[in-house]
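Peer 1: According to TrEMBL, the protein has these features:
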DOMAIN    7-188  domain 'Tr-type G'
BINDING   16-23, 81-85, 135-138  GTP binding site
Amino acid sequence: MSKFPVDKIRNFCIIAHIDHGKSTLADRLLEMTGAIAKTEKNKQVLDKLQVERERGITVKAQTASLFYSHDGQDYLLNLIDTPGHVDFSYEVSRSLSACQGVLLIIDANQGIQAQTVANFYLAFEAQLAIIPVINKIDLKNANPERVESQIEKVFDIPREECIRISAKLGTNVEAVLQAVVERIPHPGGSVDDPFKALVFDSNFDHYRGVVANIAVIGGRVKKGDKIVSAHLSKTYEVNELGLLRPEEHATQKLYADGQVGYIIAGMKDVKEAQIGDTLYCLERPVQALPGFKPAKAMVFAGMYPMDQSEYPALRSAIERLTLNDSSVTVQRDSSLALGAGWRLGFLGLLHMEVFNQRLEQEYNASVIVTSPTVPYKAILSSAKLIKSRRGVQKSVVYIDEQRVMLKYLFPLNEIVVDFYDLLKSMSSGYASFDYENADYQAADLIKMDILLNGRPVEELTTIVHRERAYSMGKAMCERLKESIPRQMFEIAIQAAIGSKVIARETVKAFRKNVLAKCYGGDITRKMKLLKRQAEGKKKMRRIGNVDVPKDAFISVLKRKEK
Ligand SMILES: Nc1nc2c(ncn2[C@@H]2O[C@H](COP(=O)(O)OP(=O)(O)OP(=O)(O)O)[C@@H](O)[C@H]2O)c(=O)[nH]1
């Protein structure tokens, strides 16, 4: 028998709007259950990635097993900490699938925010027990009564169910642990069933191969067992398994009563441990679990190695990182200017930035990222009239006398790049924002080409809204003019829609006379200088008769740094 019978196990998630205090509460829970020591150093221990610590946000869901005694009974609580930002909601829904309940954290000062609502519905639709926790009651402007009224009104949860805490000071956190035990149902499944586990996360370890995080739905598994991954029907032998406390803690067995842990079974290729896959025992095959809906990429960008010689290393870094973040889609791509690379799809701009930062920090890769775009469906014959759509109001709900929830339909490219930042600054940081895909809508979009001396440059072609074409075309021509050096003839840089030119810049003709300094007529010196000029030209790309430095493409394509 397992040390913990199934009715003494609770699997739960902490969900919240960004910065409402999930990671701080997780730290307190870990401390109180003795999983970590209570020191200043142990801040946000579940935020393991460098990018998470630097940005102070959670990117990856993390798992920790806690031991807790209540009313003379010992419990095993599996805690999954999840990210709050809208771009990482895929991580949240993934984590929820391994849980029976959630702690919904709400800041006592800010009240219900956009991701509070989004996360509530994820949990509600998954039919999980929801425990509302009002955090930061120590703040001067905390107003827990108001937040409780909001919770009653928006979520229809009685105010008596709310728990008021200060995660920072540890006030009333014990009540949260008690509520987890009392209000969250234990997982179903029996130890006697055939072994069946859901892979809900996986990492790549250089020495041990793939480490899969699993939720055991039924049966049991031990070292040496032969297991099969349903996706590829490949058989593996279990080398190591254990709990996450939050560090890996090897055990002999993982019991089939809803335990959450990790497993290492000699999977060498990153593609072998698909997130959402089912593992089962070779001798007792089971039907695979439904898995996860693949995440839908919203923002696309090209990624290229700085130098083509770095292509293989970057490919393996991207492969490994996408195993850890399966919401990223990857397609091979190539560009005249930047060489072989990939087109990657992300859930949002922050997601893209974090992915890029993780590539650099965790894999030491340096990449060129092209400007992000959103997907379009194009109708090639433009004989029908299509109308542009900007924000269209869908609904207005007053949360209380100070807050209102507005639902709008927007074109994705209008919101994906700078909308969130703009909204934040216009509302002095008070407004919050969440979005979901509302499918394709007709819009007045056009293809804009950039021409160098009349020749279109394929990788600079963009899709723009008709009203924006002029200003964007002008800006791109200006940026190109700054980066293309003068050559022996005049260069026309044009932005065009079809055959109509909408913007133009000119790079004047100029001959860099490298021999100017060579009075004296020393022929060897002359030859040396001419050779150097020719080498400089090798770093250029020739488009038609125009030499364009590689950097020029990057500076025009590269997304603007914040
Ligand atoms: N005054 C006060 N501050 C708190 C409390 N709990 C958390 N904070 C602070 O709120 C900020 C955000 O806390 P985090 O725990 O990082 O929030 P989070 O929800 O995990 O954020 P993400 O992981 O980025 O979604 C930090 O500066 C915390 O110190 C609290 O009870 N009282």
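Cβ coordinates come from backbone N, Cα and C, glycine included.
Keep in mind the model is a prediction, meaning the values are calculated, not measured.
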Peer 1: If you check the binding-site residues A16, K22, I137 one by one, which have a CB less than 6 Å away from any atom of ligand 1?
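Peer 2: Close enough to ligand 1 are A16, K22.
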Peer 1: Can you tell me the mean pLDDT for the domain 'Tr-type G' (7-188)?
Peer 2: 81
Peer 1: Using a 10 Å radius around each Cβ and counting other Cβ atoms from all shown chains, which of the binding-site residues K22, I137 yields the largest count?
Peer 2: K22
Peer 1: Let me check the 10 A CB neighbour count of A16 (GTP binding site). How many other CB atoms are there?
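Peer 2: For A16 (GTP binding site), the 10 Å Cβ neighbour count is 28.
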Peer 1: Give me the count of other Cβ atoms within 10 A of the Cβ belonging to D19 (GTP binding site).
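Peer 2: For D19 (GTP binding site), the count of other Cβ atoms within 10 Å is 16.
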Peer 1: Quick one: what's DSSP say for I137 (GTP binding site), helix, strand or coil?
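Peer 2: Looking at the DSSP assignment, I137 (GTP binding site) belongs to neither helix nor strand, so coil.
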